[in-house]
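Undergrad: First the structure, then my questions, so here it is.
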C-alpha cells in the first residue's frame, strides 16, 4: 500500500461547476451511506516494518519537521469541521413566517388591501380593516418573538466539538520531543501519551507500558480498556493496538503513530454522520400544517362561494371583493397561534420540573406519540456504577445489596472466610477515596481507580469499616499490577496479627486463572485440600454468576512462612522469589452495573402504553440480556431462540425464530443482515436486545424502526449515540453522564439520567396532544357565530349583526385565557393505558372535530347571537321581517328618514348607534355561549361531573372573559374607541337558554358514547 491510500476514499469527489443539484444530492447520500458502514482499516494488522513503509515514519525519531509541514498542507489541520449551524436570523424568520403565522400574515395583507380599496373608492369609510391588519401583524410578531425566545433559551447549543479537541500533544520529530498544538498533528506523526491525556488523533500503538484508555464516549463501555502493540482482534474498534481520537488515557504511557486525523478519525466520522443527518418534521408540526390546510380550505371555499353569490345578488365587484376578504379573515382563528405556543411552553416548563429539559418546543408532543424507545443500557437503565452483587464463599452464593439507598438484603458477615475475603478485596486493590469526603454517604463518594476496584472498595468500606485503616495495619511491601498475560494482581503485606506469620500474600484476578494457582480452599475458616468436587462447585458458581451478566473475580491468599521469609526479606517482583502457586482459594466476588430502582416500573408503564422498548448497547450479550430481564425489557416467561434450544436440547438452527418472543441480536450478526432481515426481527419479536453494537448500527436500527412506521425515541449519552439521536423522531440525551455532542444532537435532555423520566415525558406529551385538541375545538367553535352574521348580511341584506372589531375582541380578548386554561386540564382517564396514536389516522384536527365545532355547537352559538340581535332590534321598533332588504338604505349616510315597523323615522346616526349596540350584544352572547363550550371542552368522553371543576385556571378564565366583556361594554369612551355601547342587563340573558342547550346536548352525546363504545355516535362525533 502506498502512502495516502485509504485516505482517498473520504476525499470529496470533484463536482464540476455546472454539476447539477441532483448530482450533489446523490453524492451526499453516497457519502452518508459510506459513513454508515462499519469502520474499515487495516493498520492494526500491519507489522512495525509495514507501518514504517506505509507512513514513512522513523519509529524512534518520528517525522522530519519539513515532512510534517508538507502533510499538514495536504490534509489540513487535525480538527473536526464544526456542524453547520442555522444562523439566528433564519431561526427568527422561521418563527415569524412558518406554518400558522403565514395564514395570519395573509389575513393582515388582505385587510390592508380591503382598506386600500375602500380608501380609494369612497370619500367616507371606517378604519376597521386598518386596525384589523395592524392587530394581526402584531399578534404574529409577538408570538413569533415569544417562541423564538423560548427555543433560544432552552437550546443554548454547546460548542461541544471545540471542547473535544485536546489543546496540546506531545510528538517526536527529528528525534526530539516537542509539545505542539493538537491541530498541527499530522498522519505519520510519532505521538506519546500518558495517563490523564486526551488522545490527539487515531493512533496505532507501537509501544505501551500499563496503558489503559477510557473508550466510553465512543463505544459506551465503562471499563477502561488495555492498550498494547499486540493485534488482538480483526475488528479495529475491539483490537488493543489502536487508540482513538478524543478518548482519554486513564493510566500508563504509550507511543503510537498517527493513522487518521480530523474528520477522518473514527470520532470524526461519527461527528460528520451526526451533523449530516436530516431530522424529519416533528409530528406536531405536520399536524399544524394539516390543520392550516383544513382551515384555509374552509375559508377560501366560503369566501369564493359568497363572492360568486354576492355578484349574483347584484353587488358591485368592489363590494364583492370586500366581502371575500371579510369572510376569509373572519375564518382565521387569530388567537390560536398564541394558544398553541403557550400550551407547549407550559408543558415544557412542567417537564423541566420533572427533570426533562426540552430543547425544541415541538418535541414535547413528539414524545407523546412515540411508539418505540431504543434505550442505551449503561447509565440510562442502569446506575452507571459497578456494584458488588454476589459473593461465593463457604461453598454457597451470597447476595449483596445493590439498591441505590442500601435498603436491600444483607448476608452473614460473621464467617471467618468472609473476613479473609474482605481482607484480600481491601488490600489487593489500588482504588482510594478522593480527599475530604468523610461526610458523604459511602456510595456517593468519588473514587480514584477503575470501576471494578472502586466497587470492591465501597463494598468493603460498607461491610467492614475503614479500608484506609486496614491498609495502614497491613503495610504493602511489593505488588505486581494486573496485566493481560497473567490476568492477576498480587501484593505482599506486613501482617501484625500475632497468631499468623509476618507476611501475607494476597491475589485477585480472572477466576479460572486464580483457581489454577490454588491447591487448597478455605471453608468456614478451615483450610481444606481442593478436590474435584469443590472444583465443580466453583465451576457451577462461576457459570451461574457469569450467566447473570456479572463480572466475576477470584480471590486467594497465602500466609508466607516466617522461616523462609523473615522480617526485612527483600521481595523481588522481576525475578519472582516467592511462591505464586499452591495458594489457598478464598472465594469469588461478582459485580454488575445494577438497574436503577425506577426502571422496571417505567418499562412496565411503557408496555401498558403500547410502547416497545428495545435495548441497544455496546456491552456483552450475556450482561445485556441479564439487565434486560432485570428491568423487564424481556418479560418473565418469554424465551429467546437460545433459551428454547437449551430447553428442548436441540441445536439453535432447528428452532423456528418466530416461536421466540424475545430476541438478543449480536452486533456482528447485525453487520451481515440485509434490511429485510432486520425488518423481520423488528416485526416478529416484541422484546429485542441488540448487544455489542457499533454507533453506525444504532443508526441502522433506528432507521429500521422508522421503516416500520414507528415514531422512535432514542436515548444515549456517548458521542457514539449522536447519529442515532439526530435521526430519531426524538433524541433524548443524558444530562449528567452525557457528552456535549450527544446533548447537541438531542431534542430533549434528561437532567437526572433516569429512564423513568422518559415515561413522565411520554405522559406529558400525550396529555398536551389531548389538551391541544380541546383547546382547538373550543377556539374554532366561535368561528361560526363570527362568520354567519357576515353571510346573512350578504344574503338577506340586513344590517350587519357583528363588526370586525368585535370579532377581534373575541379571538384575541375573551377567548384567549379560557383556551390556554385547557392546557392545565388533567387527563380524563389513564392515558398511559392506551396505544400510541397513529400519526397517519389520528390527527390533531380531524373531520369529526370540525363537524362538532362548526356544524353542531357552533350553529347553536350562532342561533343564540342572532336571537339577541333580533330581540334588540325588535325592542327598538324593527321587527325581523321588516329588516330583510333594508341594508342599502340603512348604510346610506345621506338617508335620514328610514322607517321602522311602527313608522318612526330614524336618522343615520341613530341607526348606527342601534347597530353598534347589536354588535356589542352579539359579542356578549358569544361570550355567554362560550361559557358552556369551555365547560364541555374539558372532556372528550367523560361527563363533566366525573371530571369535576378542579382546574383553577379554567374557573379564572370563565370570570376573566365575563369581566372583559362587561368592561368593553360599560367602560366610558368605548363608544368612540371600539364603537361598543352599554347593554340593558336583560339583554345579557337572551343567550342563556342556548348556553344551557349546548351543555345538555353535549352531556347526552358523551353519555351515548360511554354507553355504546364504537357505535355510530362515537364514529361520527368523537374527535
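Glycine is no exception: its Cβ is also placed from the backbone N, Cα and C atoms.
The following feature annotations were taken from Swiss-Prot:
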{"type": "ACT_SITE", "residues": "376", "note": "active site, 4-aspartylphosphate intermediate"}
{"type": "BINDING", "residues": "487", "note": "ATP binding site"}
{"type": "COMPBIAS", "residues": "1-11", "note": "compositional bias 'Basic and acidic residues'"}
{"type": "COMPBIAS", "residues": "28-38", "note": "compositional bias 'Basic and acidic residues'"}
{"type": "MOD_RES", "residues": "16", "note": "phosphoserine"}
{"type": "MOD_RES", "residues": "40", "note": "phosphoserine"}
{"type": "MOD_RES", "residues": "47", "note": "phosphoserine"}
{"type": "MOD_RES", "residues": "228", "note": "phosphoserine"}
{"type": "MOD_RES", "residues": "452", "note": "phosphoserine"}
{"type": "MOD_RES", "residues": "484", "note": "phosphoserine"}
{"type": "MOD_RES", "residues": "668", "note": "phosphoserine"}
{"type": "MOD_RES", "residues": "675", "note": "phosphoserine"}
{"type": "MOD_RES", "residues": "943", "note": "phosphoserine"}
{"type": "TOPO_DOM", "residues": "6-87", "note": "topological domain 'Cytoplasmic'"}
{"type": "TOPO_DOM", "residues": "109-131", "note": "topological domain 'Extracellular'"}
{"type": "TOPO_DOM", "residues": "153-288", "note": "topological domain 'Cytoplasmic'"}
{"type": "TOPO_DOM", "residues": "309-320", "note": "topological domain 'Extracellular'"}
{"type": "TOPO_DOM", "residues": "339-772", "note": "topological domain 'Cytoplasmic'"}
{"type": "TOPO_DOM", "residues": "793-802", "note": "topological domain 'Extracellular'"}
{"type": "TOPO_DOM", "residues": "824-843", "note": "topological domain 'Cytoplasmic'"}
{"type": "TOPO_DOM", "residues": "867-918", "note": "topological domain 'Extracellular'"}
{"type": "TOPO_DOM", "residues": "939-951", "note": "topological domain 'Cytoplasmic'"}
{"type": "TOPO_DOM", "residues": "971-985", "note": "topological domain 'Extracellular'"}
{"type": "TOPO_DOM", "residues": "1007-1023", "note": "topological domain 'Cytoplasmic'"}
Undergrad: Determine, using Cα-Cα distances only, which of these recorded positions is closest to residue 47 (phosphoserine): 40, 228, 376, 668, 675.
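TA: Smallest Cα separation from residue 47 (phosphoserine) among 40, 228, 376, 668, 675: 228.
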Undergrad: CA-CA, which of the recorded positions 40, 228, 487 lies nearest residue 668 (phosphoserine)?
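TA: Given the candidates 40, 228, 487, the nearest one is 40.
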Undergrad: How many Å lie between the Cα of residue 943 (phosphoserine) and the Cα of residue 675 (phosphoserine)?
TA: 48
Undergrad: Determine the minimum-neighbour residue: among 47, 228, 452, 668, listed as modified residues, which Cβ has the fewest other Cβ atoms within 10 angstroms?
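TA: Lowest Cβ count within 10 Å among the modified residues (47, 228, 452, 668) is 47.
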Undergrad: So among 40, 376, 487, all listed as recorded positions, which is physically nearest to residue 452 (phosphoserine)? Use the C-alpha atoms.
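TA: For residue 452 (phosphoserine), the spatially nearest of the recorded positions is 487.
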Undergrad: Would you mind giving the whole-number mean pLDDT across the topological domain 'Extracellular' (867-918)?
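TA: Overall, the topological domain 'Extracellular' (867-918) comes to a mean pLDDT of 88.
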Undergrad: Could you give the residue numbers and ranges of same-chain residues that sit at least 6 residues beyond the topological domain 'Cytoplasmic' (1007-1023) on either side and whose C-beta is under 8 angstroms from one of its C-beta atoms?
TA: 773, 777, 846, 848-849, 851-852, 856, 940-943
Undergrad: According to DSSP, which of helix, strand or coil covers residue 668 (phosphoserine)?
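TA: In three-state terms, residue 668 (phosphoserine) counts as helix.
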Undergrad: I'm trying to understand the geometry here, so how far is the Cα atom of residue 376 (active site, 4-aspartylphosphate intermediate) from the Cα atom of residue 675 (phosphoserine), in Å to the nearest whole number?
TA: 22
Undergrad: What same-chain residues, at least 6 away in sequence, bring their CB to under 8 Å of the CB of residue 675 (phosphoserine)?
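TA: In sequence order, the residues whose Cβ lies under 8 Å from that of residue 675 (phosphoserine) (at least 6 apart) are 700, 704, 707.
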Undergrad: Quick check for the class: what is the C-alpha distance, in angstrom and rounded, between residue 487 (ATP binding site) and residue 228 (phosphoserine)?
TA: 15
Undergrad: Using a 10 Å cut-off on Cβ-Cβ distances across all protein chains shown, tell me which of the modified residues (40, 943) has the largest neighbour count.
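TA: The largest 10 Å Cβ neighbour count belongs to 943.
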Undergrad: Where else in the chain does the topological domain 'Cytoplasmic' (939-951) make close Cβ contacts, counting only residues six or more beyond its ends and a cut-off under 8 Å?
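TA: That would be 770, 773-774, 821, 824-826, 828-829, 1003, 1006-1007, 1009-1010, 1022-1023.
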